[in-house]
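What TrEMBL annotates here:
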type: BINDING; residues: D14, H202, H204, N238; note: Mn(2+) binding site
type: DOMAIN; residues: 5-267; note: domain 'Pyruvate carboxyltransferase'
type: REGION; residues: 393-511; note: region 'Regulatory domain'
Amino acid sequence: MTDKLYIFDTTLRDGEQSPGAAMSRDEKIRIAKQLEKLGVDIIEAGFAAASPGDAESIRAIAEVVKDSTVCSLARANERDIRAAGEAIRPAARGRIHTFIATSPIHMEKKLRMQPDQVVEAAVAAVKLALEYTDDVEFSAEDALRSEPEFLCRIFDAVIQAGARTLNVPDTVGYAVPHLTTAFFKRLIEGTPNSDKVIWSAHCHNDLGMAVANSLAAVLGGARQVECTINGLGERAGNAALEEIVMAVRTRRDIFDLETGIDTLQIVPSSKLVSSITGYPVQPNKAIVGANAFAHESGIHQDGVLKHRETYEIMSAESVGWAQNKLTLGKLSGRNAFRSRLQELGILPDSEEALNNAFARFKALADKKREIFDEDIFALIGVVDPAEALERYKLVSLKVVSETGEAPAASLVLNDDGAEKLVQSHGSGPVDATFKAIETLAASGADLQLYSVNAITSGTDSQGEVTVRLARNGKVVNGQGADTDIIVASAKAYLSALNRLVDERERAHPQV
Ligand SMILES: [Zn+2]
């Protein structure tokens, strides 16, 4: 019989810890619904104790998601576990994921606890979590650098306490595949009642081996993999969900496992996460990169045309890539727009949000003859201006650029309701635009990243701009899309500034 491999997605928790990837409640709900449609078994919706806003987002997701288990992370202390338990209360199926560090370096330097105290805290945490749900997961943080004997001891104790899933994270991305397989085998053999629980891998990509290590863990007996869409995550990221799922599916001869994933939803999920977080997908990224199925070499093209399987181990269609479909145009009405959003799985909840999106669609259709699915993803992916906390808004923009002259930008900005004219010169039109905005905002922020991507092909394509700003350790991404890349740049810069001036604070656990 073919076993099931459980897919645990942590895009909304671990992925969100990427610099500038913080999401609003509504953005998280939109992603959670897409993850449910993708067929993810467990959605880690956040870390409830981080802030009241995080707890509220988890609760909102628990209210709307019915098919996937909704999970909150919690450190092994009473306050965290109660916050997680309250947040998942509305869920049809809710899980609490509690963790504590088990490596000698973390126990000594970070926790300042003796090994016995760590075991005691883990057991107490699992027992408390069981007051809220019978589905409790325990993680041994930095497990891959922990003593196997100690791990077997703490895992034995938490199984007895009632944990159902045991997660063995490579928190720092230090593991290598063949040792990971051996490590899992050793833990599973050395832990009493190990067949009563699901073993789980959670790998970071610091050495580029997160997916390889996750699959190695599966070969060693893991039946849950924790991963993120596009491999999003702090530093080099987490294991990429789409790569794990397609590896298991394409190499069934090796893994002999089923996942519950509807692979046709992989590309739509990737695009949604990319456009909401402002993290573009590199073109040569496996599965979801724009070039992942493009055959440039003439020899390959010939082979593919004659018989696809000569060079393709899986088809582009099987992961949700479709030809750029001309879906809507200037004359499309609200109903056509609405049903396309529904087909793409990105229909907003409220009529008001739909109306706002439709107004943006009409404005775009005035400038661009053909509207593709990619345009619609960008239209919906950007923060709805009606929902966001926006201090600054773009009213109008004029840029003059001429060879031999310094480019000049002149903008009218709405600053908390008051319209203000700002002007500046710069080394280029984008520089002039940003400097003009800063004459008003005076944010003192450091521009860390500026990137422009064409959303579709063609010279009338929309440019999607990402701007990353940093100030006093806070990093934010802003995005803007428009057929005019200077306007898109101004929108992206203002969107980043609006996030920068949003003063809500939150904690970031490392698992
Ligand atoms: Zn992690």
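Every residue number used here counts from 1 along the chain in the order it is shown.
Here the Cβ of each residue, glycine as well, is placed from N, Cα and C on the backbone.
A TrEMBL annotation is a machine prediction, not a hand-curated record.
Sequence-distant contacts (6 or more apart, same chain, Cβ under 8 Å) of D14 (Mn(2+) binding site) comprise E44, E226, T228, G233, E234, N238, V511. Sequence-ordered, the extra residues of this chain that approach the Mn(2+) site, with Cβ no more than 8 Å from the Cβ center of D14, H202, H204, N238, are T10, P169, T171, C203, N205, A210, E226, C227, T228, G233, G237, A239, V511. Within its own chain, H202 (Mn(2+) binding site) has T10, S139, N167, V168, P169, D170, T171, V225, E226, N238, A239, V511 as residues 6 or more apart in sequence whose C-beta sits under 8 angstroms from its own.
Secondary structure from DSSP puts N238 (Mn(2+) binding site) in a beta strand. Highest local Cβ density among the binding-site residues H204, N238 belongs to N238, counted as other Cβ atoms within 10 Å over all protein chains shown. Across the region 'Regulatory domain' (393-511), DSSP classifies residues as 29 helix, 51 strand, 39 coil. D14 (Mn(2+) binding site) falls outside any helix or strand according to DSSP and counts as coil.
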